[in-house]
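Report on one structure; see the data block that follows.
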Amino acid sequence: MKERLEKLVKFMDENSIDRVFIAKPVNVYYFSGTSPLGGGYIIVDGDEATLYVPELEYEMAKEESKLPVVKFKKFDEIYEILKNTETLGIEGTLSYSMVENFKEKSNVKEFKKIDDVIKDLRIIKTKEEIEIIEKACEIADKAVMAAIEEITEGKREREVAAKVEYLMKMNGAEKPAFDTIIASGHRSALPHGVASDKRIERGDLVVIDLGALYNHYNSDITRTIVVGSPNEKQREIYEIVLEAQKRAVEAAKPGMTAKELDSIAREIIKEYGYGDYFIHSLGHGVGLEIHEWPRISQYDETVLKEGMVITIEPGIYIPKLGGVRIEDTVLITENGAKRLTKTERELL
């Protein structure tokens, strides 16, 4: 964490930023090692960083934080600390009202966004971060296999989701990384078809998309199955998505752009005549947030680098018929890509 702070301070020097105010919880955790439930804020002044927390969070923050911790009773104390700051570095997510309050109550003259330097830091994972994500992926692998076993004719989607979310917690997850998607039948054509009260029927395609939050880091995996035997159309679109996903994983490597990686899977799906049914980007970064940089899309020119963790998740979604998505969390390595989620992909 010392190295992270040093890079932030260097950015401040290069951009004539006097102080930095960090409020987004995942960024507070990234720089301090703690994420107070009741709120916490980091102020960087010169090369010194301090974590400010409400009184009720003080004892826990003191135990966990790698930064000095100071408690406050009223936010006015924060305004006072930042009084007469010429240039304040802030995150783009900071609310308009808080910016206005800093102008009025702290007399801040100018604001500069610090999102780019934080993105550049967080986009490359350390060895320790990768090990945590690998554990989160291990939990997700166990959960997706349990979901496959749980899915039977007549069972409600929510029943399956509840059981796998319980299993993830029993295996060490803090909670699901996001609302578990169990989307069956016509609902499998909904990319974000979170589990509903719909009963699963024989012949349904079922998209299972889940992830585990473990020690603050996320995992993400999707598998698609059929209840019973697949028909010709279901098998066709499954094989196309599987080919696109495998080819993209095999091709991913440092030096290529996110756009180039997206196009590998997208062109395969287009060649089979289903380009209009692949309606989202190929993937996204995974880390402290379930969706973070880079965006693996047809518009993103980000160059892939060793240490990035991304998802590769092509899909085909045909309204009224159903959909197929196959997704893995993948680590970009020196020589290519390594699947961190390892559940069998050939499930039809």
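Cβ coordinates come from backbone N, Cα and C, glycine included.
The Co(2+) 2 binding site feature in Swiss-Prot is assigned to D209, D220, E327. Positions annotated as Co(2+) 1 binding site by Swiss-Prot: D220, H284, E313, E327.
Here the features listed in Swiss-Prot are painted onto the structure.
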residue : record                : DSSP class
D209    : Co(2+) 2 binding site : strand
D220    : Co(2+) 2 binding site : coil
H284    : Co(2+) 1 binding site : strand
E313    : Co(2+) 1 binding site : coil
E327    : Co(2+) 2 binding site : strand
Around the Cβ of D220 (Co(2+) 2 binding site), the count of other Cβ atoms that are within 10 Å: 27
Residues flanking the Co(2+) 2 site, with Cβ no more than 8 Å from the Cβ centroid of D209, D220, E327 and excluding those residues themselves: I181, L210, G211, I221, T222, T311, E313, R325, D328, T329
Other CB atoms, at most 10 A from the CB of E327 (Co(2+) 2 binding site): 25
Tertiary neighbours of E313 (Co(2+) 1 binding site) (same chain, Cβ under 8 Å, six or more apart): D220, T222, Q245, L282, G283, R325, I326, E327, D328
Packing count at D209 (Co(2+) 2 binding site) (other Cβ atoms within 10 Å of its Cβ): 26
Shell list (Co(2+) 1; ref centroid = CB of D220, H284, E313, E327; cutoff 8 A): D209, I221, T222, G283, V286, I310, T311, I312, D328, T329
Cα distance (Å, whole number) from H284 (Co(2+) 1 binding site) to D209 (Co(2+) 2 binding site): 14
Distant-in-sequence Cβ neighbours of H284 (Co(2+) 1 binding site), under 8 Å, six or more positions away: H291, E292, P294, R295, I296, I310, T311
